[in-house]
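Trainee: Got these off TrEMBL a minute ago, pasting:
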| type | residues | note |
| --- | --- | --- |
| REGION | 1-27 | region 'Disordered' |
| TRANSMEM | 53-70 | transmembrane segment |
| TRANSMEM | 91-111 | transmembrane segment |
| TRANSMEM | 117-137 | transmembrane segment |
| TRANSMEM | 185-206 | transmembrane segment |
| TRANSMEM | 232-251 | transmembrane segment |
| TRANSMEM | 281-300 | transmembrane segment |
| TRANSMEM | 320-337 | transmembrane segment |
| TRANSMEM | 349-367 | transmembrane segment |
| TRANSMEM | 383-406 | transmembrane segment |
| TRANSMEM | 418-439 | transmembrane segment |
| TRANSMEM | 445-464 | transmembrane segment |
Amino acid sequence: MGAGWSSDEEREPLLGPGLGPGPGAARRSREAAAAATLPAAGPGPGRVYGRRWLVLLLFSLLAFAQGLVWNTWGPIQNSARQAYGFSSWDIALLVLWGPIGFLPCFAFMWLLDKRGLRVTVLLTSFLMVLGTGLRCIPISDLMLKRRLIHGGQMLNGLAGPTVMNAPPFLSTTWFSADERATATAIASMLSYLGGACAFLVGPLLVPAPNGTSPLLAAESSRAHIKDSIETVLYAEFGVVCLIFSATLAYFPPRPPLPPSVAAASQRLSYRRSFCRLLSNLRFLMIALAYAIPLGVFAGWSGVLDLILTPVHVSQVDAGWIGFWSIVGGCVVGIAMARFADFIRGMLKLILLLLFSGATLSSTWFTLTCLNSITHLPLTTVTLYASCILLGVFLNSSVPIFFELFVETVYPVPEGITCGVVTFLSNMFMGVLLFFLTFYHTELSWFNWCLPGSCLLSLLLILCFRESYDRLYLDVVVSV
C-alpha cells in the first residue's frame, strides 16, 4: 500500500504464485464476483476504525473547497470584468488553470505512492492556502491584482491532482471491501459539489453590473461589486485555512492495521506501474471510455450559457441547469457506489446503464435544439430535463470508473492508476476549452460531440472484459 507497510525490495514481486494477475485472472474474477454475492463467512483479517470517517470528512472538505475556489470566477464573470477589468481571455484562463494544474500530475502521483496520504494532503492544502491568500492581497493596481488572482488560481489548480486521484487510495487504505466504492464516491464527488455551489455563492453575494447606470452611479456600483467579490475571496481563504489547520492537527497517513487483504498487499513500483498501464490494452480502452466523454462534457458545461443562448435561455437559467446536473450526479453517484458495495462485481453493468442513459439524454438535447428540423417541443422543461439527466448520468459514473480502473490493473497503486486517467481527461478538456476560446461564435456542432462521445464510450465499455483481482483477494483469499 504505502512505504510504511513494505520496503522497496518487497514491493517488486507480486503476491506470489497464483494470486497476482496472470492467465488465471479471468477465472479469479468470476470466482470473486460469485463469492461477492454470498453471505459473509465471518470477520475478515483486517480491522476498520471509526476515525476513518473523520479522515474521509477532512479530505472531502478539502476537495469541496478546491472545487469551490476553482469555479469562483465563472458564475460572476460579468461582475469580475467590471471590478477588475478582466478580458475574455482572462476569464477563460481562470478556468483553464484547473486542467493546467494537472501538468505536474505525475509528481503528485509519485509523492502519494512514496510518501503516503498525509504528506500529499498537507502539501495540497498548503498550496490552496497560498493560492487563496494571494487573491486576497489588497492592492490598488488592477494589473498587479489580476496577476495575483491568476497566480492564486494556478496554485489552486495544482491541488487538483491530489483531490481527483487520491479518493481510491484513501478508500483502500482506510475502508473495508464493502465500503470502498462508497468512500471513493464521497471523496471524489465533493469536488464536483464544490464547483456546483459556486453557482450559488457567487451570484448570491456578488451583484450583477448595471450597464445602464449614470457614470457616478456606475463607479459606485463598481466599488460595491469589488467589495462583494473581495468578501467572497476572504471567506474562501478563511475556509481553506481552517481545513489546512484541521489536517495539520489530525490526518494520519494510514490506520494501525490495514482494513483488508488488498490494503496490506504489495504493489508494483512506480516505474513498473507505468509499464503495466501503458501495455494493458484493456486499461487503455476503459481509460478512453472515461476521458473522452467526461472531457467533452466538462468543456460543454463551461460554455453551456453560450450554447443555450440561441434557444433563448438566460445565463441564470443556464447556471441553474449546471448546478442541478452536478448535484444530481453527486447524489446518484454516491447511491450507485453504495449499490456497488452491496452487489459487488457489477461495475461494468452499472456503467453500461449509465452511458445508455447519457447517450439517450444527449441525443434528446441535441435534437431538441434543432426543433426547426425535428419539430420536437422546445420548452424550458425539456431543456432542463435533458441537460440535468445528462449531467446525472455522466457525473455519477466517475466513482464507478475509478473503482473499475483499480480492479483492472491491480496491483498498480491506486493513485498512479487514477492519475493517468484524470490527466488524460483534463488534457482533453483543456484542449477543448482552449479551442472554444477562439472559435466560440458557432457552437451547434459542439452539441453533436456529446452523443458521439457517449456512444463511443458505450461501445468501448460493451467490448471491455472486466476483471476483479483486488476483489478476489478480499472476498476469496480472506475466507
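Easy rule for this one: first residue shown is 1, then count along the chain.
Glycine is no exception: its Cβ is also placed from the backbone N, Cα and C atoms.
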Trainee: For the transmembrane segment (232-251), which recorded stretch in the set 117-137, 185-206, 281-300, 320-337, 349-367 gives the largest number of Cβ pairs separated by under 8 Å?
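Mentor: The stretch I would name here is 117-137.
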Trainee: Compare 185-206, 320-337, 349-367, 383-406 by their Cβ pairs under 8 Å to the transmembrane segment (53-70) and return the stretch that comes out on top.
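Mentor: Of the candidates 185-206, 320-337, 349-367, 383-406, 185-206 scores highest.
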Trainee: Hey, which of 185-206, 320-337, 349-367, 383-406 has the most Cβ-Cβ pairs under 8 Å against the transmembrane segment (281-300)?
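Mentor: Per the Cβ count, the answer is 383-406.
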Trainee: Sequence-remote contacts (6 or more beyond its ends) of the transmembrane segment (349-367), Cβ cut-off under 8 Å?
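Mentor: That would be 289, 293, 336, 339-340, 374, 376, 382-383, 386-387, 389-390, 393-394, 396-397, 400-401, 404, 447-448, 450-451, 454-455, 457-458, 461-462.
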